[in-house]
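Among the features that TrEMBL reports, active site, proton acceptor is placed at 28. Under the heading Ca(2+) binding site, TrEMBL lists 30, 81, 82, 137, 182, 183. As annotated by TrEMBL, N-linked glycosylation site applies to 183, 237.
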């Protein structure tokens, strides 16, 4: 956890309640939900021993700890990448592959099957609400809660989907970009979308320390308009930051995360 209101923010590891298996904890995408009574829930995609679960925690501010509430597994969640929470036990999740078996995942990508999807989960209903992506990756929601944004990393696209009262989604538009789009976050002050990107995907998977993967962060303004404005917020050839995967902004402070390097804190 980082408090970006601090003059010199520092990352603080949150203690997790007893009984939760930390040895196999392998976190991936995360999301928070703040309930009407100000309870903060943290949703974490987890890959314990190469499996796929979503863990729900309650944030306990008095001692900066996480109380584990629930582990969610479901046959419609075979390869979860990211989640966006929309209730205390309700979320949309992206599957970046259709299969969970490693060989079938490889075959699926090689054959370019477009079988990945977005799933809505609630305690009463679980259903596929959008499909046909190359590889559905980052997911987020507009500030007015009317639209869901999905990054299709291999297709270099961001999909805008309208959310309906029954939680189904219908596609509104697709924004094509010339970079691999990984995770999406929302600027709370403007509603702009911040995108962690990979300008050269090959360097991610064939790592060469003498020619490391570069980093790129894009800001997308007015995505629903005919011509959204796309600007570069941060770019680096890998000398400072390698493989940017996510960027989050708050009050002109920017935090960039990476696949396997480090995080970078910037003041805009």
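Keep in mind that glycine also has a Cβ here, set from the backbone N, Cα and C atoms.
Counting only the Cα atoms, the space from residue 82 (Ca(2+) binding site) to residue 28 (active site, proton acceptor) is about 7 angstrom. Cβ neighbour count for the residue listed as 'active site, proton acceptor' (all protein chains, 10 Å cutoff from its Cβ): 15. Its Cβ taken as reference, residue 82 (Ca(2+) binding site) is surrounded by 28 other Cβ atoms within 10 Å in the chains shown. Neighbour list (residue 81 (Ca(2+) binding site), Cβ cut-off 8 Å, at least 6 residues apart, same chain): 28, 29, 45, 93, 94, 95, 96, 136, 137, 138. With the fewest other Cβ atoms inside 10 Å of its Cβ, the least crowded of the recorded positions 137, 183, 237 in this structure is 237. Sitting within 8 Å of the Cβ centre of 30, 81, 82, 137, 182, 183, and not among those site residues for Ca(2+), are the Cβ atoms of 28, 29, 94, 138, 139, 151, 184, 245, 246.
Cβ neighbour count for residue 182 (Ca(2+) binding site): 26 (other Cβ atoms within 10 Å of its Cβ, all protein chains included). Between the C-alpha atoms of residue 30 (Ca(2+) binding site) and residue 237 (N-linked glycosylation site), the distance comes to 27 Å. Calculated from their C-alpha atoms, the gap between residue 183 (Ca(2+) binding site) and residue 237 (N-linked glycosylation site) amounts to 19 Å. A gap of 17 Å separates the Cα atoms of residue 237 (N-linked glycosylation site) and residue 182 (Ca(2+) binding site).
Packing around residue 30 (Ca(2+) binding site) is summarised by its Cβ count: 17 other Cβ atoms lie within 10 angstroms of its Cβ, all protein chains included.
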